[in-house]
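K.L.:
Got a structure for you, questions after.
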Amino acid sequence: MASLRPLRTTSALRTLSQSTKPSPYVCRRITTTPNLQHNTTVDPSEVTHFNALASTWWDPHGSSRLLHLMNPLRHTFISRCHSSQPDAPPTNHKLSYLDVGCGGGIFAESAARLRGTGSVTAIDPSPEVLSVAKAHAKRDPGLVEMMGEGRLKYLNTSIEELPLPGTQRGRQYDIVTLFEVLEHVTHPSPFLEHLLPFVKPGGWLVLSTIARTWTSWLTTKVVAEEVVGIVPRGTHDWNKYINEGELREWFGNKEGWGNVRAMGVVYVPGLGWREVPGSEGLGNYFFGVRREGEGKGV
Amino acid sequence: MPSRVLYSIRSCSRISLLRSHIPARSWYSTAAASSTPGQPELYDVVCVGGGPAGLSLVAGLRSSKITSNLKIALVEGQDLQKNVLKDASPTIYSNRCSSLTPASVKYLREIGAWDHIDTSRVQPYQEMQVWDGVSDSRISFDWASASGLALKQPVDRTTIAYMIENLNLTTALLSRLSELDSKLSISSPTRVSSVELGQETEALDLRSWPTVTLDNGRQLAARLLVGADGANSPVRTFAGIPSRGWDYGRHGVVASLRLEGPGWGGEEHKIAYQRFLPTGPVAMLPLPGNMATLVWSTVPERAARLKALKEEDFVAMVNAAFRLSPVDLEYLHTIPEGQKEEVEWREQHTPVDEQKIPMRAVGAQAGSVANFPLKMRHADTYTGERVALVGDAAHTVHPLAGQGLNQGQADAAALVRVIETAVSQGSDIGSQLALEAYTGERWQANNALLGAVDKLHKLYSFGSGPIVPVRSWGLSAVNAIGPLKGWFMRQAAGT
C-alpha cells in the first residue's frame, strides 16, 4: 500500500517511511497533486475491512467500543469550535451536518438527536456499514421521523460522488465532520480538497484522527490490535496516519481557511477518553478549521 | 457480563398487531396520545413504581431544562391520589418514616420538591446516642463533639438528619410534578401485567424496546424502562438481572409513639437513640412535639408477639427495650400479657441514667404497630439495554443506619445526571453505553454501605463472648476521637 501512496518525502527519509518500522521523524507532507488511479480517494481494501466489521458496530462491548466512548468528545470539540468564533452563532439557527465516513452512524445519530440540529447527511462508501446504520436508526422513533422528513439521510456514496454545491441537488453544510476517517484514506490531500467546497462560509470542518508517532504505533497497532485486541487486527495502517502539524501546515496554505483548533485525547483504561493538552502531538486528536466568510454566522 | 445477555433469555411471544407505520406526532414534544389496540404508545422513559425513588427520578427529569422534553410515563399499582398527606393531625403520624440525610434534602431542594414538603411534620435532629445493650458502652454524635473537621459540616450546622414520613415526601414530589406540567402520563392505580420486548415493523424496529402492558390494556414502549418497583421488582426480573443477598431472620417492628415530653433537649435539640440488643437494634427517632417513631428489629416470633400486645403492654415493652437487660427482655417476651406490671417491677431494680435514654413512651398510636421482614439484597448491575433500576429494586438494606431511602434518592439523582449527559451528547438514553455510568457511579457506593451495615448487624448480634468487649472498646474509642467521629457522622449525613 505504501508504494501507491502519493507521499512526497525527502530522499533522506524515504527509506524510513517505507520500512515497516515506524518513525516519528518521517515527514508525511500532504501533497496537492493527486495521483489517482480511480476517480475516488476511497481505498477498496478499507471498504472490505469495514464491511466485515459491520455486524458488531453497535455492540457496546464490541470492536467499536472505543469509537462509542469517544463520541461525546466529538460534540464537546464542536461546541468549543463554535464558542471560539468571534461571532457567536445565533441560538435559533438549526445546524446542518455532513458526516463523511459515517460508518454505523454513531456520530450521525447523536448529532441528529441534538436539539440544535436541523439536518444530518451521513455518507459512507461501505454498503454493509451503511445498512447497519440505517437498520440501527430504525430502532429510534425520533430518528425514523427525521428520516421520513428527509432531515436525516444515509447515503452510500463517496465524497467525490456527492453532488457538488452549486450543482443540482448539491448543497453546503454548517459542519462537515470527518471522524476517524483520514487515517484510512490513501490520498488524503485530494480527499480533503473534495471536502472543502461542502463547508458553508463561516462553517467548520471538524475531524479526528491519529498522529503518526512512536506512541501511536505502540498504542494503536501493537497494544490495541495485538496485545489487548480491543481493535480488530488490520483496522489501522500506521503509515497512513497524519500529524496535527501536517494538517495545520496544509490548511495554513489554504486561502480562506483559519481559526485552526486542536485537542489531544488519550484513552485511559477504566476511565475512558480524556482530554490531555499537548497530546495532539502523540496520538489521537481532534482538529477543527473554519471557512472564512459571512455565511449565516455559524 | 450478565447484562449483555439479558434479552436472549426473554422470549417475545405476543402476536404482532403493530401497524406498519409510526404515529405521526412529534416525538419529543407531545403529550401522551391515546393507545390504539396492538400499537404501543412510545415513551422516552417509563418509570414503574411511584415510591420515593421513582417519583424523585421523574421530578428530577421534569425539573431539568435538559431533560424536560422527554416524554415520560409513570405507572404505580397503588392509588397515588389516595396516598397523600392531607389535613393531617399533629398528633398522628404514619408509621413509615425515614431519616433523610442533608444530601437527600439538598437534591430535593434542587429539583424544587422541598418547597412542597409540610415542614411542620419534619423533625431535624442534632444528636444521636448509640449504645451497646450488653456492655452499655456508648457513642454520642453531635457536630459540636466531632471536633477538628468543623469546616466540612453540612450547611445546616447542627442538623444530622431529618425525620420525615415517607408520605410527606411522596406527597411533596407529586405536587411538584403537578406544578411542573400536566403532560406527564401517570397511570395509578394501574398494575403492570407483563413486560416484553417490542416488535419490528417495516418502519420501526422496537425489538430492543421493553413494552409494558398495563392491566387497563394500554401498552407503553419504553426507550428507557426504569424499575423503581421495589424489592421484588418485575422490571429487574424482566431484565434478567440477578439480585443476591440474604434474609436476616429478623423483622422490623415499627410504631408511632407518644412520649412524656418533647425529649431531653427540648424542641430545639432533638436526639435520636439506638440501642444494640443481641436480637437487633431498637431505635427511637424524634418527630415533632412529643411524637416519636420506633424501629425495633428482632426475631420474627418476638415481632409477632409485640404486635399482638395490648397498647399498655406494648408501650411497656418499648420502654423496657431501652432500659432493661437482654436477660430481662428475653423473659418479658415469653409471657403472654401483663408486661406493664413486670416492667414496672423490674425497672425499680435496674438503675439507668434517664437523661441518656429516650423519654418514656406513654402511648402507641392505634393501628400503627406493624412489622416487616429484614433483608439484604443487591442487584448484580443496575442497568441493561434500555433498563435501569433505582431504589429498592436495586438494593435492600438493613434499616439500622437509616440509609435505605437515601440510597434511593441518591440513585435517582445520579440517574437524572446520567440521562442529562446522554441527552446533551445526543446519545440514546436507553443505550447501555449511556447508562453504564449510572451503575459505575452508584453500585460501588451502595455496595460499600450495604456491606458496612451488614457487618454492624452481625457485630452486634453477639450476646456474649469475646466480641462484646472488643466492640465496646471500639465504640468507646470512636467516641473519644473527634475527627474519626466526624468522619462517621459525615457518612451518616451523606455528605
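From the backbone N, Cα and C atoms, a Cβ is placed for every residue, glycine too.
According to TrEMBL:
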- A:Arg74, A:Gly101, A:Asp124, A:Phe179: S-adenosyl-L-methionine binding site (BINDING)
- A:Glu180, A:Glu183, A:His184: Mg(2+) binding site (BINDING)
- A:8-20: compositional bias 'Polar residues' (COMPBIAS)
- A:1-20: region 'Disordered' (REGION)
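Quick one: how deep are these features, and who are their neighbours?
P.N.:
A sphere of 10 angstroms centred on the C-beta of A:Asp124 (S-adenosyl-L-methionine binding site) encloses 27 other C-beta atoms. According to its DSSP assignment, A:Asp124 (S-adenosyl-L-methionine binding site) is coil.
Neighbour density for A:Glu180 (Mg(2+) binding site): within 10 A of its CB lie 22 other CB atoms from the protein chains shown.
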K.L.:
Near A:Glu180 (Mg(2+) binding site), which binding-site residues out of A:Arg74, A:Gly101, A:Asp124 have their CA within 10 Å?
P.N.:
A:Gly101
K.L.:
Mind checking which of A:Arg74, A:His184 has the fewest other CB atoms within 10 A of its CB? They're the binding-site residues.
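P.N.:
Looking at the binding-site residues A:Arg74, A:His184, the Cβ with the fewest others within 10 Å is that of A:His184.
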K.L.:
Using A:His184 (Mg(2+) binding site) as the reference point, find which of the binding-site residues A:Arg74, A:Gly101, A:Asp124 has the shortest Cα-to-Cα distance to it.
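P.N.:
The answer is A:Gly101.
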K.L.:
How many Å separate the Cα atoms of A:Arg74 (S-adenosyl-L-methionine binding site) and A:Glu183 (Mg(2+) binding site)?
P.N.:
17
K.L.:
Pop the Cα-Cα gap between A:Gly101 (S-adenosyl-L-methionine binding site) and A:Glu183 (Mg(2+) binding site) into the table, whole Å please.
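P.N.:
A Cα-Cα distance of 11 Å.
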